[in-house]
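*Asks:* My structure is below; once you've seen it, I'll send some questions.
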Amino acid sequence: MAAAVAAAPGALGSLHAGGARLVAACSAWLCPGLRLPGSLAGRRAGPAIWAQGWVPAAGGPAPKRGYSSEMKTEDELRVRHLEEENRGIVVLGINRAYGKNSLSKNLIKMLSKAVDALKSDKKVRTIIIRSEVPGIFCAGADLKERAKMSSSEVGPFVSKIRAVINDIANLPVPTIAAIDGLALGGGLELALACDIRVAASSAKMGLVETKLAIIPGGGGTQRLPRAIGMSLAKELIFSARVLDGKEAKAVGLISHVLEQNQEGDAAYRKALDLAREFLPQGPVAMRVAKLAINQGMEVDLVTGLAIEEACYAQTIPTKDRLEGLLAFKEKRPPRYKGE
């Protein structure tokens with residue numbers, strides 16, 4: 001089968017070396033021995049949060065993004081491993097209230113550290129990214145911090161942001177962005193890196209970088225077209241338009257839209273419900289399904305089917321597959337161990 005996969009057609013363009021190494025490592029961890037078509041070796045695993053008073057999309061200006069990088073930096077990212085019936089679900093809670101959860105150097109460092117730990121933890125089944133600050137998911141870059149950077153510092157820092165967002169996109173388990181508030185610029189790019197996005201109807205989302213005479217630098221120019229189509233993505237980026245939750249659902253940017261509740265966490269609760277739906281499924285199957293979808297979306301159908309075949313082969317020798325068959329025969333819930 002490996003020979004058949006290697007022979008599958010579908011030439012691809014070159015990819016940034018760092019991204020290629022990242023995906024190669026991810027693929028090796030998910031599917032040891034998996035051989036993708038030669039032109040796909042190291043291919044990027046493609047993808048594929050509420051605020052009141054913000055101006056809606058119809059002709060209105062983008063919300064202002066004034067915030068500070070001052071005050072304390074500890075506890076800006078809270079990593080919670082849920083227990084009991086939610087065991088296996090990890091929640092990354094962004095908690096930088098004084099900076100509207102903007103992407104500072106410290107927050108990027110903390111995100112990178114958390115993602116590095118999670119990607120190799122086989123007890124993790126699903127990851128939810130949310131805000132612990134009412135009304136905000138992530139307001140994008142910390143502009144006050146950015147204003148203090150020299151021109152020579154900006155590029156490398158944006159590259160760090162892009163790398164962390166790519167790491168999130170390449171996590172081996174399902175990821176869900178719970179958008180209960182404002183998600184602008186890098187905040188929306190962070191959400192776009194997740195497998196599934198859910199939002200409150202009052203949430204505001206947009207790639208507004210062109211208002212600052214720059215472009216999205218955290219993957220937005222690539223992931224937004226893949227999510228909603230090229231023409232509409234161009235329109236939204238060119239206009240710096242901001243969408244509310246219902247508008248985002250209508251264009252396919254998010255999967256679910258909820259009316260906000262009194263607690264302000266409607267999207268998070270929906271994300272938690274989805275994560276609970278994922279928990280009973282076979283862990284190995286979930287990982288290789290994500291890999292097959294992500295890799296297959298980047299290539300032609302014939303090559304994608306070869307990728308699916310190679311990924312399916314990884315599930316055949318697993319103990320979980322045998323457990324699934326036995327549980328079906330015995331008419332009981334399966335007890336999967338990720339083996």
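If you go along the chain as it appears here, the first residue is 1 and each next one adds 1.
Even glycines carry a Cβ here, placed using N, Cα and C.
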*Asks:* If you check Swiss-Prot, which stretch out of 105-119, 240-254, 270-284 is marked region 'RNA-binding'?
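*Replies:* Going through 105-119, 240-254, 270-284 one by one, Swiss-Prot flags 105-119 as region 'RNA-binding'.
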*Asks:* I need the CA-to-CA distance for Lys329 (N6-succinyllysine) versus Lys113 (N6-succinyllysine), whole Å please.
*Replies:* 43
*Asks:* If I take the Cα of Lys109 (N6-succinyllysine) as reference, which of the modified residues Lys100, Lys144, Lys160, Lys204, Lys211 has the closest Cα?
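*Replies:* Nearest by Cα distance to Lys109 (N6-succinyllysine): Lys160.
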*Asks:* Just checking, which of Lys113, Lys160 (modified residues) has the fewest C-beta atoms within 10 Å of its C-beta?
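*Replies:* Lowest Cβ count within 10 Å among the modified residues (Lys113, Lys160) is Lys113.
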*Asks:* Work through the modified residues one by one (Lys100, Lys144, Lys204) and point out the residue whose CB has the fewest other CB atoms within 10 angstroms.
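*Replies:* So among Lys100, Lys144, Lys204, the modified residues given, the one with the fewest Cβ atoms within 10 Å is Lys144.
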